[in-house]
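Visitor: After the structure tokens below, expect a handful of questions from me.
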Amino acid sequence: MTTTVDDALEHGGEFHFFQKQMFFLLSLLSVAFTPIYVGIVFLGFTPDHHCRSPGVAELSLRCGWSPAEELNYTVPGPGPGGEASARQCRRYEVDWNQSTLSCVDPLASLDTNRSRLPLGPCRDGWLYETPGSSIVTEFNLVCANSWMLDLFQSSVNVGFFIGSMSIGYIADRFGRKLCLLTTILINAASGVLMAISPTYTWMLIFRLIQGLVSKASWLIGFILITEFVGRSYRRTVGIFYQAAFTVGLLMLAGVAYALPHWRWLQFTVTLPNFCFLLYYWCIPESPRWLISQNKNAEAMRIFKHIAKKNGKSLPASLQRLRLEEETGKKLNPSFLDLVRTPQIRKHTLILMYNWFTSSVLYQGLIMHMGLAGDNIYLEFFYSALVEFPAAFMVILTIDRIGRRYPWAASNIVAGAACLASGFIPGDLQWLRIIVSCLGRMGITMAYEIVCLVNAELYPTFIRNLGVHVCSSMCDIGGIITPFLVYRLTNIWLELPLMVFAVVGLVAGGLVLLLPETKGKALPETIEEAENMQRPRKNNEKMIYLQVQKLDIPLN
């Protein structure tokens, strides 16, 4: 008897002991992905700094200055308009070793007006006001070299982009499990090598390698867990898999606080990845992928294992699990399959735009909001907490209303919040914070829903490829967002919010063109994916007519 995968899961257990075990193990991948995605906040932390001037330390010790007095006497003040660059990137061209300098306003003997004293670049490095270290303080990525920090973060997103495009194809061609284990090993090795890198160049190379494989392993984990559970549980595990990323945000803040030195922090967040290699014995291959490759015997063996783990048994009639399309022919994924047919092409373009929108607004709002306070650890912790109500709202809405309308509404709310924030007066800071939080919650919801729906709109043999290709657009967004925010704020402080508003509102409108996937089986073939938006009335009428014909007396 030939049956569908969802039917087999109904008999073997849709979300019992086996699925819960897989969910816990795979969610750890989501937690471990956090330091790579947002670790730049702590690894690349830029503390207050000023030029190192030879002789200043000795003069300060001789005069008994406090740190504040030393800065006041020897470091230039802010530039025109309060610019900090003059204070951080320039120094007085003064010989601080000369004995004629007094301990009370030593520069007064050279010129009564400090602004007339010549300034020069920081030829002897910088002094940083921090008890710990970061890649900024170790490699002096400030002033003229500050672009190197941007390059460091951009390299990760470039790696995300390339890895999503290439490894997604490999995962659909050679299997989820092999690709997952390979990316875990490369990610762990490159993370350790980055922590011991002697130069900026080597650190940049290993960070790029991490980007190539880390997001791919996170997405493969998402694909695996959605393919292991029944369709009634897919939305829940998908949301909680992403909520595990938020748990990683909270844990990262605590670990970074305990380990303020970047090399030890990098070691600590990387080493757990080696434990994931034990998944070779814990996690089986996706039975859906095996069926798409016509490996039915192996798929049946895994289904029997799932049923045994769940304390259930498969009926003897369930002996064959096949795709309806191209029976007996192995299906090989192709990039053209994502745009070959009209409906799948429309899905691909809309999903790509929404991934881009989610990334730009999510990262852009964090950059633009500028949470109050000087404690980077608390600010990071509080911003992460905002994501839990968003996940709760997603769970409440998509099961009762569906995916499409909450997804569209969340994009529209995020866009409207950006638009409103741009016109709130500066003296109403409390209102600005509330509106900004609404925008953050809205785009977090959109981010979570797009990841869920993306996997539901593609047939099995190109599902992994489709998720990777579409999600690669969020990496493009991650590359350009810093430039978008910082360049546009030079023109008008609120201009980035206006751009975010337009992008978010357009995304909300496009979502309404997609089919609703609530309660529907994952499409197994291209034909099923093409027909997702068509009503089933014709099929229901056909079945009804067939029943009527059977009821007609033969005489």
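Including glycine, each Cβ sits where the backbone N, Cα and C put it.
Got these off TrEMBL a minute ago, pasting:
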type     : residues : note
DOMAIN   : 97-519   : domain 'Major facilitator superfamily (MFS) profile'
TRANSMEM : 23-45    : transmembrane segment
TRANSMEM : 151-171  : transmembrane segment
TRANSMEM : 178-196  : transmembrane segment
TRANSMEM : 202-225  : transmembrane segment
TRANSMEM : 237-258  : transmembrane segment
TRANSMEM : 264-283  : transmembrane segment
TRANSMEM : 350-370  : transmembrane segment
TRANSMEM : 376-398  : transmembrane segment
TRANSMEM : 405-424  : transmembrane segment
TRANSMEM : 430-453  : transmembrane segment
TRANSMEM : 465-485  : transmembrane segment
TRANSMEM : 491-514  : transmembrane segment
Visitor: If I take every residue in the domain 'Major facilitator superfamily (MFS) profile' (97-519) and average their pLDDT values, what number comes out?
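Guide: A mean pLDDT of 83 is what the predicted model shows over the domain 'Major facilitator superfamily (MFS) profile' (97-519).
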Visitor: Counting only residues 6+ away from its ends, which parts of the chain sit with a Cβ under 8 Å from the transmembrane segment (350-370)?
Guide: 383, 411, 414-415, 418, 436, 439-440, 443-444, 446-447, 450, 453-454, 457, 466, 469-478, 480-482, 484-486, 489, 496-497, 500, 503-504, 506-507, 510-511, 513-514
Visitor: For the transmembrane segment (151-171), which recorded stretch in the set 23-45, 237-258, 264-283, 465-485 gives the largest number of Cβ pairs separated by under 8 Å?
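Guide: It is 465-485, which has the most Cβ pairs under 8 Å.
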Visitor: Under a Cβ pair cut-off of under 8 Å, which of the recorded stretches 23-45, 202-225, 237-258, 405-424, 491-514 contacts the transmembrane segment (376-398) most often?
Guide: 237-258
Visitor: Residue list, the transmembrane segment (237-258) vs rest of chain: Cβ under 8 Å, 6 or more residues beyond ends.
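Guide: Apart from its flanks, the transmembrane segment (237-258) reaches 15, 19, 23, 26-28, 30-35, 37-39, 41-42, 221-222, 225-226, 229, 265, 268-269, 377, 380-381, 384-385, 387-388, 391, 394-395, 447-448, 451-452, 455.
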Visitor: If we skip the immediate neighbours and take only residues 6+ beyond the ends of the transmembrane segment (405-424), which ones have a Cβ under 8 Å from one of its Cβ atoms?
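Guide: Result: 354, 357, 361, 365, 393-394, 397-398, 431-432, 435-436, 438-439, 441-443, 445-446, 449-450, 453, 494, 497-498, 500-505, 507-509, 511-512.
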